[in-house]
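First the structure, in the form of structure tokens, and then the observations on it.
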């Protein structure tokens, strides 16, 4: 695990507030998606919504607690959980598209690969005594953009609007990394949080509107 470089009190408040809002929104979003999926979808829709929503909650809750607690040992624990939860969210975001849109050989293969890599990433974050930030960032970005491997079947099974939202969300996460590593900029991490929130919102709408069913009567 990497050594924690302390932020100012004002920065930590901004960090906790930005992702605290994300945690609340994720809980509301999960409930909304589950109710919708149960009402209009099948088992695959319900499971997909549950996994995706739970991964959102895990990330934002871990991040909020990491930045909210001042005590070093507790802070270090939730920092590990925060870093590990990023892998879970990336795999969780793939899950609805793999289970519902792709399904079949492409879907199950994608699901197995992304969750296997995510599991390796989680173990790495928890087990490594000295975290290699460059390695973690490379795995995050590589896993996130691995969707390009299945771009052809995605083009065939996901409507254009859903793909554009996925792309926009991916770009928000990716460009946000600039601020994540920009240590000399005050509130750089809070700005990173805003980019993460933007990416999550865009991906949420992609899942809700282009994975979950929308009957004509609605």
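Glycine is no exception: its Cβ is also placed from the backbone N, Cα and C atoms.
Automated prediction, rather than curation, is the source of TrEMBL annotations.
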**Message:** Of the residues 45, 67, only one is listed by TrEMBL in the Zn(2+) site with 189, 193. Which is it?
**Reply:** 67
**Asked** Per the definition of 3+ C-beta pairs under 8 A with sequence separation of 6 or more, do the transmembrane segment (81-99) and the transmembrane segment (161-182) touch?
**Response** no
**Message:** How about long-range neighbours of the transmembrane segment (46-69): same chain, 6 or more residues beyond its ends, C-beta under 8 Å?
**Reply:** 7, 12, 15-16, 19-20, 22-23, 25-27, 29-31, 33-34, 36-38, 75, 78-79, 81-82, 84-86, 88-89, 91-93, 95-96, 99-100, 193, 200, 204, 207, 211-212
**Fill in**
Beyond a gap of at least 6 residues from its ends, the CB atoms lying under 8 Å from the transmembrane segment (21-40) belong to 46, 48-50, 52-54, 56-57, 59-61, 63-64, 193, 196-197, 200, 204, 207-208, 212-215, 218
**Asked** What stretch in 105-127, 134-155, 194-212 has the biggest tally of Cβ pairs under 8 Å against the transmembrane segment (161-182)?
**Response** 194-212
